[in-house]
Amino acid sequence: MSSDGEFTRTQIFGTVFEITNRYTDLNPVGMGAFGLVCSAVDKLTGQNVAVKKIMKPFSTSVLAKRTYRELKLLKHLKHENLITLDDIFLSPLEDIYFVNELQGTDLHRLLTSRPLEKQFIQYFTYQILRGLKYIHSAGVIHRDLKPSNILINENCDLKICDFGLARIQDPQMTGYVSTRYYRAPEIMLTWQKYDTEVDLWSVGCILAEMIEGKPLFPGKDHVHQFSIITELLGSPPPDVIDTICSENTLRFVQSLPHRDPIPFNERFAQCTHVEPEAIDLLAKMLIFDPKKRISAASALTHPYMEPYHDPTDEPICETKFDWSFNDADLPVDTWRVMMYSEILDFHQIGGVGEEAGQSVTQEEIAHIQQDGIQAPQQPQEQQVE
């Protein structure tokens, strides 16, 4: 470990963590495709926090745009069941760090440790739907809901995280995005046309996994994935087949043997530890035709959610998220300038001054305000000094 002014440099799993001196006691807690997450102690508040390093955010325009999108979403979406952005800073090595409240575990780890009791299944489902109602009202689709993106603390408070794949509600969408087990069939069938209903399919898969303790559709590849979905739901109806854009996909679906659906109360007959209403809600989420799939707002009014449903405490987002940047094809340096601006804006809006442990240094602010921001074309080598 070494210290350089306001920043301390530590190597974790071969990765340099260069964070402000406000955060101490780093310990790795998770690794993803785009970042490493460490727990830390916030010396200012005394709270445990999660510090996420975004790996090489300016190495390509695609990664820069993805990071910018996640930052914009975290700033805009403020809800009890969504992870909130407590701090963000840019290190001297030009890595970006997001700081959030540390949650004790995630649903994936919880499910692999022990079976869930029915009251926890019900409460977790309610909180996921409550968060989704808010996300969808902002004009946002999460696109990557899965147990590892559902964070839970010791009080069973639940927060949805990882908005890096989130996308505008748009009839033309891009291909494979979510972990296969939780991927809606319309993503596999059409690749381009889907909406908020893909998230409800994912919730159905998560609910089934909480009930049975194992993934409902553990496909080995997308062909196998679709095949085992049809084992439960039967062959897709003609109106769904008519939406398939790809000729290859259409030929594949038409080549499958006809299958009749299995009634959900028969498929889950052994799951006597949960209420029949849970299976009924599950059946309303796992429907081939997304237009017939239940919405998050409607799911909150389902009888299974009755013990927790409170229409006065299930807010929507007051303003739609601004997606105007999303179709932009910009060079890395432009995304970098936009990112600097968002970081500075975050600290100004939050009212974070020097007395409160400001993470953006005066040197950074001066750098941000320079005309053109003469940033390096390539990220600097990350070497521990």
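Including glycine, each Cβ sits where the backbone N, Cα and C put it.
Straight from Swiss-Prot, the features:
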| type | residues | note |
| --- | --- | --- |
| DOMAIN | 23-305 | domain 'Protein kinase' |
| BINDING | V29, G30, M31, G32, A33, F34, G35, L36, V37, K52 | ATP binding site |
| ACT_SITE | D144 | active site, proton acceptor |
| MOD_RES | T174 | phosphothreonine |
| MOD_RES | Y176 | phosphotyrosine |
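The structure, with features from Swiss-Prot marked on it.
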residue: V29; record: ATP binding site; CB count, 10 Å: 17
residue: M31; record: ATP binding site; CB count, 10 Å: 14
residue: G35; record: ATP binding site; CB count, 10 Å: 23
residue: V37; record: ATP binding site; CB count, 10 Å: 17
residue: D144; record: active site, proton acceptor; CB count, 10 Å: 23
Take every residue in the domain 'Protein kinase' (23-305), average their pLDDT values, and give the whole-number result. 89
Any idea what the Cα distance is from the residue listed as 'active site, proton acceptor' over to V37 (ATP binding site), rounded to a whole Å? 18
